[in-house]
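Here the structure comes first, spelled out in structure tokens, and everything after it is commentary.
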Amino acid sequence: MLKAKILFVGPCESGKTVLANFLTESSDITEYNPTQGVRILEFENPHVTSNNKGTGCEFELWDCGGDSKFESCWPALMKDAHGVVIVFNADIPSHLKEIEMWYSCFVQQQFLQDSHCMLVAHHKPGSGGDKSNLALSPPLNKLKLVHSNLEEDPEEVRVEFIKYLKSIINSMSESRDREEMLIIT
């Protein structure tokens with residue numbers, strides 16, 4: 001059974017924990033409480049299997065605290081990560097600049113493929129959720145961008161997250177198959 005490690009990173013108060021709980025069908029948190037360090041959620045998704053074999057997959061979703069005081073822990077969090085989801089609050093202009101640092105640190109410096117990274121513009125309840133005017137600078141503008149609004153259209157982000165998980169698992173499966181072929185030949 002394949003096991004994938006996915007990091008949820010991004011600025012403070014961007015909605016990482018709320019989104020992580022929703023996507024893993026964990027408990028709801030009603031009041032804001034900053035994540036201290038990391039919170040690991042383990043889950044399986046029946047819609048995601050390894051290739052056509054129907055083999056199940058396990059996931060670890062690492063909900064990482066957004067405070068820079070945890071920066072010394074980041075190398076340990078990044079170890080053996082298969083994917084990174086950068087969550088930001090689209091209604092806070094400074095977050096657009098901050099996600100460049102998150103991308104550089106968690107994707108570029110780890111030599112993670114861009115296809116293993118997804119941006120989530122999280123719109124908090126009552127924010128209106130304007131999806132049109134996000135000016136992302138290169139190389140962020142090449143990444144998969146998903147808007148999440150759990151109040152108005154919760155299933156959109158769930159569907160996109162499942163597609164993302166499938167792409168991670170397919171990549172892991174192909175890599176494992178290549179390694180097995182090298183052993184055989």
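Using N, Cα and C of the backbone, Cβ positions are placed for all residues, glycine too.
Per Swiss-Prot, the feature GTP binding site maps to 10-17, 63-67, 123-126. Taking Cβ-Cβ distances under 8 Å and a sequence separation of 6 or more, the neighbours of G10 (GTP binding site) in its chain are K16, G66, I86, V87, F88, H95, E98, I99, W102.
Neighbours of S137 (phosphoserine), defined as other CB atoms within 10 A of its CB across all chains, total 10. According to Swiss-Prot, the phosphoserine annotation covers S137.
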Residues that sit under 8 angstroms from D67 (GTP binding site) by C-beta distance, when 6+ apart in the chain | C12, P34
According to DSSP, does C64 (GTP binding site) fall in a helix, a strand, or coil?
-> strand
For C64 (GTP binding site), what residues in its own chain, 6 or more apart in sequence, show a Cβ-Cβ distance under 8 Å?
-> L7, F8, V9, K16, T35, G37, V38, F70, W74, L77
In sequence order, which residues at least six apart in the same chain have a CB under 8 Å from the CB of P125 (GTP binding site)?
-> L150, E151
